[in-house]
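Okay, structure first, notes after.
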Protein chains: 2
Amino acid sequence: MGASLLPDLATQILIPVCGVIGIAFALFQWVLVSSVKMSAGGGRDAASKNGNTDYLIEEEEGVNDHSVVAKCAEIQNAISEGSTSFLFTMYKYVGIFMVAFAVLIFVFLGSVDGFSTSHQVCTYDATKMCKPALATAAFSTISFLLGAVTSVVSGFLGMKIATYANARTTLEARKGVGKAFIVAFRSGAVMGFLLAANGLVVLYITINLFKLYYGDDWGGLFEAITGYGLGGSSMALFGRVGGGIYTKAADVGADLVGKVERNIPEDDPRNPAVIADNVGDNVGDIAGMGSDLFGSYAESSCAALVVASISSFGINHEQLFLCVAVGLWAGLIIGFVTEYYTSNAYSPVQDVADSCRTGAATNVIFGLALGYKSVIIPIFAIAISIFVSFSFAAMYGIAVAALGMLSTIATGLAIDAYGPISDNAGGIAEMAGMSHRIRERTDALDAAGNTTAAIGKGFAIGSAALVSLALFGAFVSRASITTVDVLTPKVFIGLIVGAMLPYWFSAMTMKSVGSAALKMVEEVRRQFNTIPGLMEGTAKPDYATCVKISTDASIKEMIPPGALVMLTPLIVGIFFGVETLSGVLAGSLVSGVQIAISASNTGGAWDNAKKYIEAGASDHARSLGPKGSDPHKAAVIGDTIGDPLKDTSGPSLNILIKLMAVESLVFAPFFATHGGLLFKI
Amino acid sequence: MGASLLPDLATQILIPVCGVIGIAFALFQWVLVSSVKMSAGGGRDAASKNGNTDYLIEEEEGVNDHSVVAKCAEIQNAISEGSTSFLFTMYKYVGIFMVAFAVLIFVFLGSVDGFSTSHQVCTYDATKMCKPALATAAFSTISFLLGAVTSVVSGFLGMKIATYANARTTLEARKGVGKAFIVAFRSGAVMGFLLAANGLVVLYITINLFKLYYGDDWGGLFEAITGYGLGGSSMALFGRVGGGIYTKAADVGADLVGKVERNIPEDDPRNPAVIADNVGDNVGDIAGMGSDLFGSYAESSCAALVVASISSFGINHEQLFLCVAVGLWAGLIIGFVTEYYTSNAYSPVQDVADSCRTGAATNVIFGLALGYKSVIIPIFAIAISIFVSFSFAAMYGIAVAALGMLSTIATGLAIDAYGPISDNAGGIAEMAGMSHRIRERTDALDAAGNTTAAIGKGFAIGSAALVSLALFGAFVSRASITTVDVLTPKVFIGLIVGAMLPYWFSAMTMKSVGSAALKMVEEVRRQFNTIPGLMEGTAKPDYATCVKISTDASIKEMIPPGALVMLTPLIVGIFFGVETLSGVLAGSLVSGVQIAISASNTGGAWDNAKKYIEAGASDHARSLGPKGSDPHKAAVIGDTIGDPLKDTSGPSLNILIKLMAVESLVFAPFFATHGGLLFKI
């Protein structure tokens, strides 16, 4: 593996130490968050006990009684229970799939060498003997399951801390925006650091345990380790898609009846779908995103390890440093561009808001054009980082650049998670009947959260592109392909069909959100029509039925898109062979990246154009408002359309491209041996 | 060139005979259309003079006087004048560009061999001497200009016949849907056959004239002929983009103020933008589309000729027949799928209409999902036809498959042109103050026209994909590249940037439509506010200013997207070289096809969902209507969003992919000799 900067022992110590520091830091942040007490006695007593002498703002004094705190605690509980119940239901179904897929991995990879238990000649060094394919099959299966479990734990912990922090953010918002921000951001940091450290420690332990068997058979070891990435990403797929459908079905359903038909504010406690909406933020935007970024992280580590194990080149540490730097730099540019196109502090979103003057149609046209335009610079950034890092260290350079981009994952997750936490905090304030000033503060946090979420998505997509390319490179090596020539029909048909897959996938997920939302609309309408006193606030809505509708719909609807992603590499590899599969991977990569970026940014821009009009912070914004004006109504329509784009189909697409690549990599020896049936006839 | 089925002399006679028959048939159809008289005396007198004994339907009797016919003639004149004036303005600007580009072609291609006038060794046969590069440069320039002129003539003639037929269709609609259909369809056929025959004859004459110089230097001859495709396509680009911006700016602008704000019907004569709207149909949907399909036709012929001249394989006529068949078959499937997804007789459009119940947001979500979904089968059809035709005769097979798909071009153009003619006819009926039954009939034709237009676009896109691939193959041969390996960074960055270009281009065109529409909205509002008696119908609006706004805006706004498409191959070829350019071509091809298909179908579905609600032909449709109901308003929003998608950005994308491919092919020798400057440093 060439000369290292540090001796092996130092590396062996440094990695777990980093992991422990990350976990310790996360726990410390958690202790800080938990200092906001939710029990009777209220925020002020608790704060003064901690030596905190802040006073609540005047007009809140009247409501700063036990009942408000108790109400917040009650709502928090309902959200937390709904989220836990959904995740457990989802994990149950996905668990069955995971076991089945684990068996598939073992059987397919074991069959490569006819389930032989004898050692074989190494693929990359014919002078040595390597471990049997059957062993790699077994260890791949184990690491697949480990990756899946770690992903589940990551998502679940993130959801737990988010539902722990949301009501605390609400209570702190009584003291000011700054206080609320700190709680929300610290909770995000708990998730970010815990998840990054967790992923690192599990991977470290797994590699060291596998090494006891593999010894210096690095190729076999890291082949087996790729299962970890596949496990992480498959769970992430279902988490993102299921959670994404859940959150947007509830959100769109709640808005369509509540805001549009009944003219009651967002998150009004009279709306039966309001708890489901808040649960959705936690299971989709928190747990789903946590699993997703953990997947990226696991895959980019695996990609770097595998590529390193099969490449034979001298490592030049300065060049690798430059690869990391170029990845970081590209991530930074993507972040800036995303902010420019989705924050309402800049002209693009203001132009979109302005186009609401002439109605929803121009708003949608301008929003779509904005999303398309926002693709340009990120793609150039990705292209340049690919070119530079490849020039330095071929595919290994690209894997390292991906790691560079993901090196900010802990912070990225923190800023990403803080948005939904603030969103939830605002919802809780509304439901607990707190002053509108509280809501304005959480809305300000939430608007910033839309931009940070878009930045987080930009990072996720950018890193997904690099990771997928590195995995693709590893796949090609492992499947013993020398060139992927676009001019051969086998590759070209793969390329064009691959470029179509993101559209197919998006159609499925958007339609799913639409259908699930329609079901939700019917239920919410039914409750408004049949429960007497609901609109007057004298009767309580049946929140649980709405939670159940979202749960059932998302579990059911996540299967077809999940199957599309998981089965495509298998079907293409088995029937068409590795060349066509290479084309599919390249096609879905170059096409999916564009749709993912444009969908995320279009959705983010619409959301913030609406918030821009609502906040009315400038003369221009006031000329479009207030809430309820025609331009505002047009902006709400754009926001609703953007929901499935930015929170369901867009962010799931980066999992699509990564997952297909890592799955192809894991099954590469099988496809190379037994694949391409159609062309063998 | 291998054995032919027919002796050379027979081919030499057959081709011009086919051309003459086509022109004769077109003229015959034109005579039939012209039998509907527009002069004083009215439809009935003229009809009875022709032995036609149809009676006008009862309720029309009252208005069947000189004044109606005169009014129709007057409106037709205004539309015709507006269209002619726009096209001449556009041709003036584009003409300057064409001359400049012609000089560029001559200089760049002449410089390949240092402007040497001596003969050189042939590229594909080192034992022979071929004509000098300077001669090819000169002949390429000439054929480029010829292609441009033929494209202009095609578009112009189409526009002329369409504006000749629209009022005649209105008058015939008084006798029934069938009569009106015949006039509209025959006029479409005039355009279709004239254009196809025209293209064939010009190409035939050009080849035969060039042959006088080139003799048996087939390579040089057909290299020079590719200029014809480039000329045709460059004009088509500006025609499609300029015309597309014109028509949709006027349409969206007219609708936003007229239908939405002032609540007056579509095409109401009080709306100042109404003439511009009708002019737009003729310059965008007729002239632009005519130029576009002529471009496809010219390019696929050129692609087949060039590929044939540089390939060395035995021609098997049965296999070539199968290639033609597979192209036709794929076109048929694309046509059927498009019809299924865009006609309101099937469930997809009905589902979209149904989603209008819950407002514009769900309508947009369902419409976008429909467009994405509609991509799946056409892509498989294209992939299969590529695979099959490539297996039979490599790149030549693909070019022949493209010709197979385009063999129905005359009919395709006829059904495509008949839509805008019917649309115009409805507009004229409305403006002339004729009965609503006339409008209902033209609306029925127009609804079918939306579907046929979508089918036409499907054909255009499918054939563009095949043509581009064939041109791409020819480019690669001519630039002496052996493989286009996705795994090399030069190619991959081209691939990902190429896949981004359709987004960039769409963002530009959609934003252009939006900005131009906003200007139109301001002018229309100004006229309603400042011209007394306009709403009451006592004063006439100032149509000419609106026509001028659309003209100026579209001329100005077509430059950036035009420059993007025309300059990209030059910049990439000169600075990054032929490998990266190959990547760009492949990337824009596989990505552009998807966006083009989904944009066209989404737009078509929205338009017909609106028409479905308006027509109220079933219980379901009536439950969503009538005009002015909330679902109908939501449907109108979708229709307006769809306008730039289906008539500007979508159909321009197929020109983008074809044009970049043919431009790369023309400049291939230059790039191969002097290109890739950045990597040479």
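From the backbone N, Cα and C atoms, a Cβ is placed for every residue, glycine too.
Annotations in TrEMBL come from automatic prediction, not curation.
Quick look at what TrEMBL annotates:
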TRANSMEM  B:13-33  transmembrane segment
TRANSMEM  B:93-112  transmembrane segment
TRANSMEM  B:132-159  transmembrane segment
TRANSMEM  B:180-206  transmembrane segment
TRANSMEM  B:218-238  transmembrane segment
TRANSMEM  B:320-341  transmembrane segment
TRANSMEM  B:375-403  transmembrane segment
TRANSMEM  B:459-481  transmembrane segment
TRANSMEM  B:487-505  transmembrane segment
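When each of B:13-33, B:132-159, B:180-206, B:320-341, B:375-403 is checked for Cβ pairs under 8 Å to the transmembrane segment (B:218-238), B:132-159 comes out on top. If you look at the transmembrane segment (B:320-341) against the transmembrane segment (B:375-403), you find at least three C-beta pairs under 8 angstroms, all six or more positions apart, and that counts as contact.
Residues of the same chain lying 6 or more positions beyond the ends of the transmembrane segment (B:375-403) and with a Cβ under 8 Å from any Cβ of it are 296, 300-301, 303-304, 307-308, 311, 313, 315-316, 319-320, 322-324, 326-327, 329-330, 333-334, 337-338, 458, 461-463, 465-467, 469-470, 473-474, 477, 593-594, 597-598. Stretch with the largest number of CB pairs closer than 8 A to the transmembrane segment (B:180-206), among B:13-33, B:93-112, B:132-159, B:487-505: B:13-33. Below 8 angstroms of C-beta separation, residues 133-134, 136-138, 140-141, 144-145, 148, 227, 230-231, 234-235, 238, 242, 555, 562, 566, 666-667, 669-670, 673-674 of the same chain, each at least six residues beyond the ends of the transmembrane segment (B:93-112), sit close to that stretch. Within its own chain, the transmembrane segment (B:132-159) is flanked in space by residues 83-84, 87, 91, 98, 101-103, 105-110, 112-113, 115-120, 191, 194-195, 198-199, 202, 206, 210, 213-214, 220, 223-236, 239, 282-283, 286-291, 294-295, 298, 413, 417, 666, 669, which lie at least six positions past its ends and keep a Cβ under 8 Å from the stretch.
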